[in-house]
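Copied over from TrEMBL:
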TRANSMEM  25-47  transmembrane segment
DOMAIN    25-449  domain 'Ammonium transporter AmtB-like'
TRANSMEM  59-78  transmembrane segment
TRANSMEM  134-154  transmembrane segment
TRANSMEM  166-193  transmembrane segment
TRANSMEM  199-217  transmembrane segment
TRANSMEM  229-246  transmembrane segment
TRANSMEM  266-285  transmembrane segment
TRANSMEM  292-310  transmembrane segment
TRANSMEM  316-336  transmembrane segment
TRANSMEM  357-382  transmembrane segment
TRANSMEM  402-427  transmembrane segment
Amino acid sequence: MAGEIPIAYRNSSSSPDWLNKGDNAWQMTSATFVGLQSMPGLVILYGSIVKKKWAINSAFMALYAFAAVWICWVIWAYNMSFGDRLLPFWGKARPALGQSFLVAQSELTATTVRYHNGSVEAGMLHPFYPAATMVYFQCMFATITIIILAGSLLGRMNIKAWMAFVPLWVTFSYTICAFSLWGGGFLFQWGVIDYSGGYVIHLSSGIAGLTAAYWVGPRSASDRERFPPNNILLVLAGAGLLWLGWTGFNGGDPYSANIDSSMAVLNTHICASTSLLVWTLLDVFFFGKPSVIGAVQGMITGLVCITPGAGLVQGWAAIVMGILSGSIPWYTMMVLHKKWSFMQKIDDTLGVFHTHAVAGFLGGTTTGLFAEPVLCNLFLSIPDSRGAFYGGDGASQFGRQIAGALFVIAWNIIITSIICVLVSLVLPLRISDEQLIIGDDAVHGEEAYAIWAEGELNDITHHDESRHGGIAVGVTQNV
């Protein structure tokens, strides 16, 4: 009938009373922001920050992971992270594909908080949009976690081994941490705070990346000695997508377009800016020159540090956290890494341990100090939550934050090691020495830039490291 209003715009089954269109629109927008951080954000950043001969391989590792996680997520991993409880740290595996499930109101099944006597302290969370939106939003977090992990393995991991590693790690590591902290598992019940993934995403990927780097082994000696970015301007393009994408990363985690979401977005950019400036100033003071790659690292550590407390701390605390995230990871990467023989033996290509594990741990523990009670009440279902700075039970909160971090660290070391050993029984974890010399052309039969007919083997350009006064250049320290 002409002029009839389409069913999607009527107040009917397609627009039920529980649906808040503003929340739904913001949640899907936030999910897309997070997705853009991975594809194309980290695809561009990884493909540009590595040596020319590894541009295709590095970008493809991120691209493959983005696609692979999607399939794992909807077939079994979403409900292992946010579904019915199977174990105190794990949900029951089942598909998130059925219409009846996806169009119903979203609910975080295991988020009911109980007192020790079993009575309910806080009820189950029911965001005001369909489960399809929640599946989409949380999938984007799962994808970026494994892609961050990949940064530790660039320039030498066997792509076929990576293809096997991704679904195993998402299934047996990511879902455990996600359920334990976000899906109603034992850390959530205990009161450990992780606003948007400082532990679930960043501490987890940083520790797992370092562990996997140990098992895979190092890059070739020549690549470890000289590993200059092939396109710093594109590195900045990828970093820009990462930074602006964090608006959805932290702004979407109240599961609503509310006041706390606004606070989270503001604090995110305050902390990232402060951290970038501090890292840059340290580079100038100690090395005499501001480094573009260093600025990107400082940006990332600031974004990571604020993540576990983005909507829970005041603006001044975001600045303090930015100062800490711009200086402590700088010290661990630029000073401690060189002096610690154990760290020298592990080839963490992009320094993910420093930018994500150290910064994530720092953010989680400082959240235990600076979480402000009024802001906590806007976000957390448990009343009277607060950081140690505000007295009361704050000291206990700080202790819980440390204990939660220790669980995430221990689990990722153990399970990542097991996965690497199992994969190595079937496939070599590391590319052969012959392929390491050639790079992309040997692994993929493709090259990033049509400059030399045979790629890196014919690259006769010279890199005069004396111009840098003996200072290591590139994203990680030369060995």
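Just so you know, glycine gets a Cβ as well, placed from its N, Cα and C.
Because TrEMBL annotations are produced automatically, they should be read as predictions rather than curated entries.
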Mean per-residue pLDDT computed across the domain 'Ammonium transporter AmtB-like' (25-449): 94
Range from 25-47, 134-154, 166-193, 229-246 with most C-beta pairs under 8 A to the transmembrane segment (199-217): 134-154
Considering the transmembrane segment (292-310), which listed stretch of 25-47, 59-78, 229-246, 357-382, 402-427 counts the most C-beta pairs under 8 Å: 357-382
Top partner of the transmembrane segment (59-78) among 25-47, 166-193, 229-246, 357-382 - counted as Cβ pairs under 8 Å: 166-193
Winner by Cβ pairs under 8 Å against the transmembrane segment (166-193), considering only 25-47, 134-154, 229-246, 357-382: 134-154
